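For reference, TrEMBL has these:
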type: SIGNAL; residues: 1-27; note: signal peptide
type: DOMAIN; residues: 30-128; note: domain 'Ig-like'
type: DOMAIN; residues: 132-227; note: domain 'Ig-like'
type: DOMAIN; residues: 232-312; note: domain 'Ig-like'
type: TRANSMEM; residues: 345-365; note: transmembrane segment
Amino acid sequence: MANAGCGSLATILFLFFFQAALHKGAAQYPVVSQNLVTDNVSVVEGETAIISCRVKNNDDSVIQLLNPNRQTIYFKDLRPLKDARFQLVNFSDNELRVSLSNVSLSDEGRYVCQLYTDPPQEAYADITVLIPPGNPIIEARDEVLSEGNETEMTCIAMSSKPAATIRWMKGDKELPGKPKVELTYDKMYTVTSRLTLTVNKEDDGVPVICIVDHPAVKDFQAQKYLEVQYKPEVKIVVEFPQGLTREGENLELTCQAKGKPQPQRVNWVKVDDDVPSHAVITGGDLYIENLNKSYNGTYRCVASNTVGESFDDYILYVYDPAPSTEPAAHDSRAGEGAPRTVDHAVIGGVVAVVVFAMLCLLIVLGRYFARHKGTYFTHEAKGADDAADADTAIINAEGGHTNSDEKKEYYI
């Protein structure tokens, strides 16, 4: 044990006198040289940092690594500093590489790579320790909101280094917040962001997300779902009839109401008049039998909850009883008469039949006249002009016209 202790002491004394001799023989002011290079390091607290001192052209000069207090961590491949977190990773004529495990905030600072030449050359590696924020905390001023109300939400990212940034998202839309950064006594940063927004019924169930951006963490977020109450949405659906509402028929309407909270009351009224006495109202359904024109008017479904009241209207117009040919369907909400429509297809068919008949008649007449064209005899051809008297003319007409010239006329 004594020999081991003496050996360690001898090594330290050797290094001490060796460094003193080097300082004595070298210039007092080291210079920054491009021949000696190193890199800045950013490391998350608790992880491992690697410091590398590299020499481009080495003439057998000694390389050493100093901490921010200029205490020697490694002299060549020897470690005078009694901090076991520093370990030699690589040593050669051109590189001294050292690891520092379990990094803490106290390890932050400027480390010196030094090459013993005349004058000494130095390069500096700044170690920056990153401390991630704690889990983000999101708070809301109001747990339950009514549509149209304004609310405020707060997101806090505590104890980080450097300061975090906070973004807000509502669904897939980014919203602007108002950040505030505070530096605490232990050189940590606490960031608070406030978001003010006005909600509507479409925001019910939509998440509001607080996203914290920091070099030490990714996808760090917290979210809160909005709960928005809104007045009912009311819609009247015609169950029967599907077409026109005519005298003697029945009418069935259904009132659909949706809100948050769900409407507890649904009422049917007739605007500026009373609902027919024999109308049957069951919940949101209205049923009227044997319609007549005295029932014409506007029927209103009213639904309400703790937020407010809404309604929808149905305009009833009762038409005459259905004729033999049913006219085209017309929504009774229009409240106007439905004129009888003319069936253009029937008219077109009749016109086509008439045209076809006329064409057939023309063809038949044409063929008839073509078959009967030829010769015929007039009185001039029968010899009546050559007779001395009427009797002779008759005899000539009955007996032929042998002695007379035949005259012909053609009909085309």
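Every residue, even glycine, has its Cβ placed from backbone N, Cα and C.
Keep in mind that what you see is a predicted model, and the values were worked out from it rather than measured.
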Structural state census, the domain 'Ig-like' (232-312) (DSSP three-state): 3 helix, 46 strand, 32 coil
Tally of residues which DSSP labels helix, strand or coil - the domain 'Ig-like' (132-227): 3 helix, 60 strand, 33 coil
The domain 'Ig-like' (30-128) - residue tally per DSSP class, helix then strand then coil: 3 helix, 51 strand, 45 coil
